[in-house]
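Features reported for this protein in TrEMBL:
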- 45-63: transmembrane segment (TRANSMEM)
- 83-103: transmembrane segment (TRANSMEM)
- 115-137: transmembrane segment (TRANSMEM)
- 214-233: transmembrane segment (TRANSMEM)
- 291-314: transmembrane segment (TRANSMEM)
- 321-344: transmembrane segment (TRANSMEM)
- 364-389: transmembrane segment (TRANSMEM)
- 401-421: transmembrane segment (TRANSMEM)
Amino acid sequence: MKVGRMTAPRWASKTLATAAATPTTSCWGSLSWVCMRRRQNVKHLPCCVVMGAVLGMLLRYMRVTDSSTLIMVSFPGEILMRMLKMLILPLIISSLITGLAGLDARSSGRMGSRAMVYYMSTTIIAAILGVILVLSIHPGNPKLRGGTTVSSAPKNQEVSSLDAFLDLIRNLFPENLVQACFQQVQTVLKQAAMAATNQTEPITVSRKKLEYKWGMNVLGLIGFFITFGICMGRMGERGKVMCDFFNILNEIIMTMVSMIMWYSPVGIASLIAGKIAAIGNLELVARQLGMYMVTVMVGLMIHGGLILPAIFFGITRKSPFTFYSGIFQAWITALGTASSAGTLPVTFRCLEENLKIDKRVTRFVLPIGATINMDGTALYEAVAAIFIAQMNDITLDGGQIVTVSMTATLASVGAASIPSAGLVTMLLILTAVGLPTQDISLLIAVDWLLDRMRTSINVVGDSFGAGIVDHLSKVELQEIDAESLSIPDHFLQFYDMFKSFHFSSLCSFLTAFLVFNDTLLPKNIRATPFFWCCFDF
């Protein structure tokens, strides 16, 4: 018997011909080109840091002191900072909501607990490390104050640590969500005149008042949108439209971040060059505060290069060097911008694309870490407080050293909610142990450099925290994924009902139906042995 050869339909042959004519390497070629360009962009960042430093030193050698010239040198960096800060608010909103909408309350609670334990532990370790180093190296010298003009201390120096802590709680619960996007509350001291009995002149008293200061209330926004995301996740299918909206918003923001990163080498080089060129007497500053800078830098290197990788390896058993290579771009960006929040878009991109960390972890952990996890700041403030004590020839006892460590830890947690965070939190520490606050002006000359270094360590600590939380939450996230992919109950009931029929009986019925129906099955096909073999069960 002659059996005809099966032929594909006309539309299928056209599709196959088109696919065969298309090179198979076009998609992968374009993808590899994009990846190659991204790697080249990452390699350019260290070169731009060096070029910025060289340009700044060249401007100093040429004695360029004109303010207009310095503004033009720093202008590309200013544009980079403005673009990154522009994305902070929509990124926090979309990342928190989309990250928490995919978690149940129990998983998000456990994830938050792990993140908080890591944040507080590493911050305390950083503060203790700073105290040990400054007591061992002893960079403070009373002679440093001799030839230095002491400027006035920043305002609001009489506000206590309790007031700053209460401001932290107040900002966590904003009374106006729109106002929280650009203002936050702060306790200030106001001088008020009161009429006194039996006196002709009024007396002046200091009263504490709450005032709104300019600056985004990041803690309040995080608190609100964490609650918003958890509630939206509990709504199930009814909240799917909103969840899709914020997912698309997050993808749009990350695409904009990728576009900005092409410009980042120029901006970072501009920022560094402008800062170096704007320093007054660089030689005098280096001679006076050289050991202080060395103490802070050594502490930051030990914490970021030894302690954090050791904690990461001890918990995850993964290579910290691979992790460092994945967050290299975020580290360089933090070094150039000196802003943890400004680096947040780049940190998201590095962790999710380079290290493949679950987006639900990064979107929940990173915004909180960028606000309260300040390892570098805690170390810096502990060193600075004891350095000022050594410079004034003041010996601190054990209780005061413990107070410095704990106050530095708590002050670094609340630093993001206080305007002029570095100076104000430093005032809190000095006031807590009774040290003079006027000497802070000595540290301002080198704060621009140390601020960048401690910010980079803050970003590294946030990134390691996200990696650790992702490792510890793997099982819970897999259970959530399994539940989302489970078959609904009505499909299982239908399957059980279908299994109750005997399969061979169903096939016999189908065979008889096809054999006696000439319109559905022609005789030449019914006569072939292949047809009957198909129903031989």
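Going from the start of the chain as shown, residues are counted 1 onward.
Cβ atoms here come from the backbone N, Cα and C positions, even for glycine.
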Counting only residues 6+ away from its ends, which parts of the chain sit with a Cβ under 8 Å from the transmembrane segment (115-137)?
291, 294-296, 298-299, 302-303, 307-308, 311, 364-365, 368-369, 372-376, 378-383, 386-387, 390, 401, 404-406, 408-409, 412-413, 461, 465, 468-469
Do the transmembrane segment (291-314) and the transmembrane segment (364-389) come close, with at least three CB pairs under 8 A (pairs 6 or more apart in sequence)?
yes
Contact set, same chain, for the transmembrane segment (83-103): CB under 8 Å, 6 or more residues outside the stretch:
111, 181, 216, 218, 221-222, 225-226, 228-230, 232-233, 239, 243, 246-247, 249-250, 253, 256-257, 260, 263, 337, 339, 341-346, 348, 359-364, 366-367, 480
For the transmembrane segment (45-63), could you work out the same-chain residues 6 or more beyond its ends whose Cβ comes under 8 Å from its Cβ atoms?
69-70, 73, 264-266, 268-277, 279, 282, 328-329, 332-333, 335-336
